[in-house]
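Data block below; observations after.
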Amino acid sequence: MATEEENVNAYELLKLETEATEQEIKTAYRKLSLKVHPDRNPNNPEAARLFHELNQAYELLLDPLRRLALDQKLRVKKARAERYKSYDAKRKNMVEELEERERAFKKTRLDKKNEEIKVQVETERIKEEGRKLRERKEEDIRKRNEERIKGQWVEEDDVEAPELHPLDTTIRLKYSLKKHPELTTPESIAKLLSGFGGVDTESIVLSLKAPKKSVDKRPKSGTALVPFKQIRDAFSTVSASGQGEHGLEGIEVDWVNGKEPQILSWLKKMGKLDNLLPTSASSSQNGASGTPARLPQDQSAGSSEFSSFPSTVPGSAAVDYESLTLLRMRQAERERLEREIREKEAAE
């Protein structure tokens, strides 16, 4: 029989003395088993367990060898209890102290084991937090690097100069013929503006307008579209609008599209627009050499800075397909603007 079964006192379960005969064992078992039989006690959840224990006790007591072992165990237990009763107070205290030490030792060992488990769990938690913190730092570094690289791309995009539009070097002049009666031909306008730089005289668009109600139909005002060969010179002319010292008193000068070209906005942003001054001022500032500050498109092909900018009007030896296309676009844009001027004058 298993140890657990032997720990149960079979005599106590069957309510018998250790000297009980085999017949007494059977009789006691029959009476008690009928009382706790599961079929007779369907509402008692303990009935099956009690019935099983009675069966185990009954089988044990009917087995001579197992009963002999149980009797021996009970005798030893009884003798120990009797000896313990005979102990004096001192020996009892010693036994109790020994048992207390054993319990304390077991408790200490259990507490130590629990503490080790607790430390292990805490260590794993710290490792996990460290791993998460490391991952967050790596993610932050990765994001900062991406933002830094992205910022570098944005800066590079900002440094890159915009494309030069075909009409970026063309300006619009509006003036009264009463104040400037000499400005009636493209040549006279080119001569007026020659102090600012080279002008494409053949491409000048000139419109002289007379008031509708005028009897003699004489022109009273003029509008001219003037293409410069360099955007620097066009900018200098617009900057000198209406200034008498440059011969532009009473003359309104503006960009042909009514707004500043993108290349000039870019130059302002890059801090390079201060070099674009009217010719007289530029000459005085540059000293005896008289070398004017150059725009990106004015740089020579060998220059390291802005060397990719095309010349506004390429020389005949350097005219290629791209330059021809640029010139044709400028001519088409001028023709469109000329038509708009004619239509506006007709409407007025």
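Note: Cβ is positioned from N, Cα and C throughout, glycine not excepted.
Nobody curates TrEMBL annotations by hand; they come from automatic prediction.
Note that the structure is a prediction, hence the values are computed from the model and not measured.
Region 'Disordered' is the annotation TrEMBL gives to one range among 83-121, 278-316, and that range is 278-316.
Mean model confidence for the coiled coil (84-115) is a pLDDT of 85. Residues in the domain 'J' (9-74) partition by DSSP class (helix H, G, I; strand E, B; coil) as 46 helix, 0 strand, 20 coil.
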